[in-house]
């Protein structure tokens with residue numbers, strides 16, 4: 001069981017077979033959180049079991065698996081291409097339909113670029129599975145509501161709420177005002193820097209001044225329904241999970257949190273369940289056979305279903 005929030009203030013076979021703030025200085029903790037924020041007397045946010053959260057990463061309109069640390073922000077593009085682990089011949093909508101058929105909710109569609117092809121593909125996925133997918137990539141106050149209207153359950157934001165490496169609280173509050181806390185996911189993806197997990201923005205290329213820790217998660221939980229955290233140092237490399245990061249999330253996140261990065265074998269799912277104290281959901285990308293890897297998607301779905309049985 002996930003403990004309640006206590007603080008006020010991210011292959012063919014499966015298709016065939018399936019039917020802010022600077023670290024330690026929280027300058028706006030003095031400010032009142034939005035009216036929809038949890039309080040000590042609020043009903044607890046409970047998740048009954050660890051879940052597998054599927055993903056659809058879209059780059060130039062195609063479903064791909066990319067080594068996240070090789071992505072470039074468009075305005076800083078030097079002409080080099082990111083390292084691509086896999087490019088699918090299936091559409092984003094086909095993946096969405098697969099996840100819908102298998103009863104997998106809360107997966108994320110990420111647009112790895114601002115091109116119109118990626119946006120069109122993401123909308124096709126949302127239309128194929130209305131209410132079942134979250135969407136991120138270029139989300140801001142001008143377009144966030146439109147994605148909800150197109151069928152997204154939540155919008156995922158990171159770079160928009162940072163400015164020069166610090167959290168822009170006014171932007172964050174605007175998003176809450178427009179779509180509501182209950183439809184907002186904060187992407188707190190991070191990389192290790194000087195022994196701490198620094199939140200990274202702009203396609204994971206820029207370090208913010210914000211380190212992911214208990215106080216930061218406690219505060220930001222007032223403005224979001226969930227967190228999504230990619231372990232960027234291991235993401236897309238199939239080198240194993242960042243167990244230290246998973247443990248940090250499991251111990252300190254007061255709201256549902258999903259970890260992504262480095263899952264290679266089934267044992268990694270159990271390691272996440274254990275290190276995260278049954279509080280951390282998991283996304284698997286490049287390792288899955290539906291994305292060209294060796295880990296059977298059907299086995300991961302079976303593991304997901306077993307988690308629900310275990311707590312029934």
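All positions are counted from 1 along the displayed chain.
Using the three backbone atoms N, Cα and C, a Cβ is placed for every residue, glycine included.
Residues annotated as Na(+) 1 binding site in Swiss-Prot, with experimental evidence given as evidence: 65, 66, 235. All protein chains considered, the CB of residue 65 (Na(+) 1 binding site) has 25 other CB atoms within 10 Å.
Every protein chain considered, the tally of other Cβ atoms within 10 Å of the Cβ of residue 162 (Na(+) 2 binding site) stands at 22. If you look up Swiss-Prot, you'll see 159, 162 marked as Na(+) 2 binding site.
According to Swiss-Prot, the feature transit peptide maps to 1-67.
Separating the Cα atoms of residue 66 (Na(+) 1 binding site) and residue 162 (Na(+) 2 binding site) is a whole-number distance of 24 Å. Long-range Cβ proximity for residue 159 (Na(+) 2 binding site), meaning a same-chain Cβ under 8 A and a gap of 6 or more residues, is found for 201, 202, 203.
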